[in-house]
């Protein structure tokens, strides 16, 4: 039970990080710049914590020659997932940008569990696990997508109808991209979990993942000329202090995943964290935390959460 609670808590932190980074983006003027700062803050935080707790930042040099190459790319996969969502939003809208990656996450996590890919803990796929995964997807649809569709239809029915009539062939490549980015997110979870196991340190594995992600983002920012002139100091000082903590929340999210994967398996961790993520998103909307727009929780969203909890129970105990 404590492991389940930990998974819910780290999932709960993800929408808070999103709200914080959204505010940071409005200050810095670029999604990539805000992500770069977030990864940089997370890297500094993990470096400090690792030094305090382990008194060392090094790992055995033999790992570079004895371990598979893919063990080091978790951070880069995280950046691809983040960038993919930025690209997908204007192409698919908010509903499918949520649904397609989650579908990819669940499918890939079940495959990883069934075949034991990336040295993950193996869990045979059963009908109960399949039904559990479908319940989780149904819960996500009820909690997020159905609500957004209703609001969109109510606020702009003509626009919604026009979008529904849009050719599916045009949207299909973007839907596939969303599915793939979700799969890459599940791969990141499994890969980082194995990295933490082989170097015997969840902290160092999280630090490596964040450092790789930071370097990847830095290259993207430089190549695409997203770097802007720095804001005046007074403009930054006038901002709330919490706009800088997104990277810390993100680093704790990655650290928690690395710790949980060897114990629970990739599939169950992905699903538990997803439940926490949706619950956190609803609370952020309900109370308007960190400058988010208030949107009261509806009964159908609570029903969606119950569906997701039921799915977790089936995946875990059957």
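Heads up, the Cβ atoms here are built off N, Cα and C, so glycines get one too.
Taken from TrEMBL, the feature transmembrane segment covers 34-57, 69-92, 98-119, 131-151, 171-191, 203-226, 241-261, 268-290, 296-315.
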What else in the chain is close to the transmembrane segment (69-92), if you only count residues 6 or more beyond its ends and a Cβ gap under 8 Å?
31-32, 35, 39, 63, 100-101, 118, 171, 174-175, 177-178, 180-182, 184-185, 187-188, 191-192, 194-195, 198, 208-217, 220, 254
Segment-segment contact (the transmembrane segment (98-119); the transmembrane segment (268-290)) at 3 or more Cβ pairs under 8 Å:
yes
In the same chain, who gets a Cβ under 8 Å from the transmembrane segment (203-226) while lying at least 6 residues past its ends?
30, 32-33, 35-36, 39-40, 42-43, 46-47, 49-50, 53-54, 57, 59, 72-76, 78-79, 83, 188, 192, 195-196, 247, 250-251, 254-255, 258
Can you name the far-off residues of the same chain, 6+ from the ends of the transmembrane segment (296-315), with a Cβ under 8 Å from a Cβ of it?
4, 128-129, 131-136, 138-144, 146-147, 267-268, 271-272, 274-275, 278-279, 282-283, 285-286
